[in-house]
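J.: Heads up, here are the entries from TrEMBL:
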- GLN8, PRO9, THR10, GLY16, ASN17, GLY143, GLN144, ASP145, VAL182, LYS189, MET190, SER191, LYS192, SER193: ATP binding site (BINDING)
- 9-17: motif ''HIGH' region' (MOTIF)
- ASP131: L-tryptophan binding site (BINDING)
- 189-193: motif ''KMSKS' region' (MOTIF)
Amino acid sequence: MRVLSGIQPTGRPHWGNFFGAIRQYIDLQDDNDGFYFIADMHALTTVRDAAALKQYTLDAALDLMALGLDPKKATLFVQSQVPEVSELTWLLMTGTPMGLLERCHAYKDKKEKGLNADAGLFTYPVLMAADILIYDSEVVPVGQDQIQHIEVARDLAGSFNHTFGETFKLPKAKTLDHSAKVPGTDGEKMSKSYNNTLPLFGNVKQIRKQIMRITTDSRAMEDPKEPEGDHLFQLYRLFASPEDVETMAAMYRRGGFGYGDVKKAVAEASETYFAEARARREELEANLDYVHETLRDGAARAREVAADVLLRAQKACGLR
Ligand code: AQP
């Protein structure tokens, strides 16, 4: 099965990116034909610095490979290295109702926060639809925030097929229970633009400090607490074994514990969890030629598939 997903090189990846999406890429790479890309064209809507975008793009490749994405099993590439995607975006754009894009939350949210909304941000879901459809993708592993965009891709594919005949496969989103919406240090969705992230890589001491600053409620220590609605508990659950999760849940319900201890447990569990990836990232940093070669090979493979699907779509709508 063709599985595809992408990650934006907009800064350092966080726990939400990993537990919502990247972990799925790795779990699915053994038994599927995985296509994973670094969405540098999407990132252009926020990163307006050429050197930074190049660095973030390389960083994202290092991050994904360090976390376990294996180029021998899956195809890893940079979005802009497949120009066919931009051509398909235009074809899809001509059949995209404005209202559909106006309802998309990425645009709506950013606009409500007073951030500048340009046409790139507004039409982002169409580029994302092209990203998905051009590889005949069937399954798209993502976090909850992207489900709506995958629905847009399905809608656009369905309406193109209806108008011009069967051309595109209809993709489906795939999310994970418990980690489709990882909370940030303030309890809101963990998000680079909300400044509430916990990074996967970086200085361990600094990350520990960030963990110790996670907001908690102000109820007395001895009060029993319901674990399910508590974002610190949700973060603990990302790393702990089912038995440890049960023990922690029982402790919450009994009351009489300190949030500081839970934070320390989260810090220790996360450090152990990512230790191997950190070591692997250092090795990859010393072998950048291999990383560049992987991205070149990945783009060549992705272009072959993309060229076929683009031609199919062009023929269908009368451009060839
Ligand atoms: N908090 C999250 N919980 C679960 N999944 C998440 N994802 C992002 N945040 C969470 C998923 O990570 C994948 C890559 O996302 P992206 O590169 O598009 O990053 P993003 O959505 O731009 O991440 P941010 O931090 O939320 O950035 P801003 O603030 O710019 O929007 C996707 O599958 C996403 O669902």
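Counting begins at 1 with the first residue displayed.
Here the Cβ of each residue, glycine as well, is placed from N, Cα and C on the backbone.
Could you place the listed features in the three-dimensional structure?
T.: In the three-state DSSP classification, LYS192 (ATP binding site) falls within a helix. Around the Cβ of LYS192 (ATP binding site), 18 further Cβ atoms fall within 10 Å across all displayed protein chains.
This prediction places the mean pLDDT of the motif ''HIGH' region' (9-17) at 95.
Non-local contacts of ASP131 (L-tryptophan binding site) by the CB criterion (under 8 A, 6+ apart in sequence, same chain) comprise LEU4, GLY6, PHE37, ALA39, GLN79, VAL85. Under DSSP, ASP131 (L-tryptophan binding site) is assigned to a helix (H, G or I) in the three-state scheme.
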J.: Counting Cβ neighbours within 10 Å across all chains shown, tell me which of the binding-site residues GLN8, THR10, ASN17, GLN144 comes out on top.
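T.: By the 10 Å Cβ neighbour count, ASN17 comes out on top.
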J.: Are there any residues at least 6 positions away along the chain from MET190 (ATP binding site) with a Cβ closer than 8 Å to its Cβ? List them or say none.
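T.: Long-range Cβ contacts: HIS14, TRP15, GLY16, VAL182, PRO183, GLY184, ASN196, THR197, LEU198.
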